[in-house]
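Here's the feature list from TrEMBL:
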type     : residues                  : note
BINDING  : 226-233, 308-312, 372-375 : GTP binding site
COMPBIAS : 22-39                     : compositional bias 'Basic and acidic residues'
DOMAIN   : 393-406                   : domain 'SRP54-type proteins GTP-binding'
REGION   : 20-39                     : region 'Disordered'
Amino acid sequence: MSKKNYNNFFSWLWYKKKKNNNKPEENQKQNKQEETTKDGIKISKNTIIIKKRNKITENEIKNKNIQNLNNNNQKQSIQLTQPSNKTLDNQKQKLSTTSLNNNIYKSIKNKKNEHRYNNVFQSLQFSLKKTKNYLEKKIKKIFFSNQENNHLFESIEEMLLLSDFGVNTTANIIKSLKKEIHKNNTADKSEIFLILKKILLNILNKSSEKKTKINQKKPKIILIVGVNGVGKTTTIGKLAYKLKKSGNSIMLAAGDTFRAAAVDQLQIFGKKNKVPVIYNRIGTDPSAVIYDSIQAAKAKKIDVLIADTAGRLHNKQHLMEELKKIIRIIKKYNLSSSPEITLVIDACSGQNTLQQVKLFNNTINVNNIIVTKLDGTAKGGIIFAISDQFSIPINYLGFGEKIYDLQEFNKQKFIEFLFEKNKN
């Protein structure tokens, strides 16, 4: 038993010593673990600090870059505000070239406009090309062919009738032609052709002799009248353009209070020509609009007041009486100055225009006529018929839709164009 205890005692002691010997190693291990954990914390803290420092440096770099860009922009702006002599010279050269180009463009445009205005009669000639071609063939066959023509007067009569001269005017021309041939005792067809041209010119001159005297007190009032659809409002726009171009101050009066589109159309022409337009609501008494226009024209010291009127059939007596009322208003409030009454007729209407001219002239005493739509199917002879039967002067010929498509009527040129001598 003692041996066992001894053994147990020594075993216990040995175990104690061993345990005590193992404690410092465990403490060292624990210390090492603690140190490693502390180092790990330090390392992690260091990494966080390093990351923060890296972030700060990136922001600082960005800010520095922004500052550098701003400084560069400021330098560039300073350089732009204070350019060098070379850049100034280049800019001057560019400005000079652009101004030269603009001047060249303007001069070309002006030349084109001058060419256009100088050749307005050429465009009128183009409008009457069909009539021209027909008359050329007939004139060549009747007057300048080698074939004998035993029915000379019948051939001339047919030519005039088919050119819209009308029965009465054609009969008068043939009568005068026979008289002149007998007087000159000639049978030469070329001489007969020249006699015919003289007779036609005398007919047109007869109308110019009957120009009525119009009081020229300002504002001069031009009253545009006519049946529906002849182009009165369009003609007003063209006439305003032409009169303003000659140096007159213009005002337009929208006296057509029946058709809504007429007021809008006249306002468009007013904007194009840069002239004022006096108008009122649809259905207003046209005499009231004309009265307001006269007062406005006097206040602004306008040279010419052009007044539009509603289209009316010449056989409607109450509508013709309305025109009389407008004329009375003009005479009363424009110091007894009579308006210039201009009748607009459609050349394509043929012989029906003669009845229009007759009734309008009998009712309100027409002063002059504007013939429109010569670019349509018109034959041109109606101009001679009007001049022969009514002796009312024709002031303008209208053709085309452009604002400058209105030509002063030149009698000599008109005859020379239609009855041009062509022997080929």
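Including glycine, each Cβ sits where the backbone N, Cα and C put it.
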Which one of the binding-site residues (K232, R312) has its C-beta surrounded by the most other C-beta atoms within 10 angstroms?
K232
Just how many other Cβ atoms lie inside 10 Å of the Cβ on G226 (GTP binding site)?
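Its Cβ has 26 other Cβ atoms within 10 Å.
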Say we define neighbours as other CB atoms within 10 Å of the CB. Which of the binding-site residues G229, T309, L374 has the fewest?
G229
Which residue counts does DSSP give the domain 'SRP54-type proteins GTP-binding' (393-406) for helix, strand and coil?
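Tallied per class, the domain 'SRP54-type proteins GTP-binding' (393-406) gives 0 helix, 6 strand, 8 coil.
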